[in-house]
C-alpha cells in the first residue's frame, strides 16, 4: 500500500497533505473502518466524535491523525485504505495511484440503487461462496468421517492381529509346556521301565536262587534217603546175623566132627596093619567112594556157593544200580517238576506282563483318543471362536459401511438442500425487482427498527443470517422428510418467502446506511468545496 517502511517517513510524507486532509475528511465516516482495522479503539473514537472540546470538524480530523500517527505504519496503511474506500480522489492526490476500490465512485455514478444492487450481488456471491465452502466443509467432514471409519477398521484389524498374535504366543507356550510335560512323562516312563526291568531281573535272580536252594534241598533229601536205606540194610544184615547159641552149637558140632575125624584117623592108622584083609579093602573102597562123593559134593557146594556169591554180588550191584537209578529218576522228576513250576511261573508272569502290556496299551490308546478328541474339540472351539470373531468383524465392518453410507447420504441430502437454496436464490434474482421497490415503503418502519437493533451484528458477521436461514431450512427439511403429507410446492413457497423477507430486511438496512452515509458525504463535500474555495 505504501512505499515507506519507516513510521516517520510514512507520516512525514503525509504532512504536506495535512491541510487538504483536514479540510476534506469527515471523521465519522472513516472511524468505523479504522476501528475495524483495530488501529482505533472505542475510547479514541469516543474522544474524536463526542469530545465537547472538539466541535470543529477540522480539529477532530487533526486529533484523529495524531492518534493514527501514534499507531505507526499499521495506522498509516489503514488510513490510506480508508481514503481509498471513501475518498478516492483524495487518495489519488496523496499517493498518485488509482484506487482499486470504487464504492464512492459507484455512489456518485449510479446512485444508491446501484450500490444496493452491487451490495446484493456481492452478498449473493458471498452466500454462494459460503454455500460452496459449507458443501466443501461437509464433504471434508464426510471424508474425515470415512477416514475415521477406516481408522476404526484398521484399529479393529490391528486389535484382531494383536489378539491372534497373543493367542499364537499362548498356543506356542502351551505347546512348549505340553512338550515339556510329554518329555517329563517319557523320562518318568523310561525310569519306571528301567526300574521294572531291574525288579524283574532281581526277581529272576531270586527265583534262580530259590530254585537252586530247592534243588540242593532235594539233593540233601535224596542223600538222606540213600543213607537211610543203607542204614536199614545194615540193620537188616545185623538182624539176619546168627545168634550166639547157634554159634556155640556149630562150634560143638565142629569139635565133635574134629574128634571123630581124629578117631577115624587113628582107626585108619591102626587099620593100616590090617590093610591086606578083604574087609579092610572093602571099607577102604567104601571110604574112597564116600570121600570121592564127599569131594564132589564139596566141590558142588563150593561152586554153588561161588555162584551164590556171584548172584548175591550181582543182585547187590543191581540193587545199588536200581537204587541209583531210582534216585536219579526221582531227582529228574523233581527237576522236571521244578522246571515245570518255573516254566509255569514264567508263563504266568508273561501272561501277567502281557495283560499289563495290553492294559497299558489300552490305556495309552484311550489317552491318545482322549487327547485327540480334546485337540479336535479345541480346534473346533478355536474355529468357532475364529468364525465368531470374523462374523463380529464383518458385522462391525457392515456397521461402519452403513455409517459411511449414512454419512454420504446425509452429505448428499445437505448438498441437495444447498442446491435447492441456490436454485431458490437464482429464482429470486431472476424475478423483477419492482415488486421489492413497491414493497419497500410498506415495511420501512419495521425494517428500520430491526436494522437499528441488528446493524452491529450484520457488520460483524454478514454470513450469519444466511447460516441461520440455512439451519432453519435444514431443520424444516429434516422435519418434512419423515412426514410426506406436505407438498414440495408449499415447502418451496415457505423457503422463498423466508428468503425474500431476509433479502428485503437486508436491503432496507443497507439502504438506510447508504442514505445516512450519502447525506454525510454530501454535507462534507459541500463543506470541503467551500473550504477549498476559501483556501484558494
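Yeah, the Cβs are placed from backbone N, Cα and C, and that goes for glycine too.
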Position flagged as phosphoserine [Swiss-Prot], chosen from 23, 110, 152, 425: 425
The annotated region 'Linker' range in Swiss-Prot, which must be one of 63-80, 81-98, 99-116: 99-116
73, 125 as recorded positions, winner by CB count within 10 A: 73
Residues in the domain 'CARD' (6-98) grouped by DSSP into helix, strand and remaining coil: 74 helix, 0 strand, 19 coil
CB contacts for residue 231 (phosphothreonine) [other CB atoms within 10 A, all chains]: 10
Rounded inter-Cα distance in Å - residue 231 (phosphothreonine), residue 125 (ubiquitin cross-link): 153
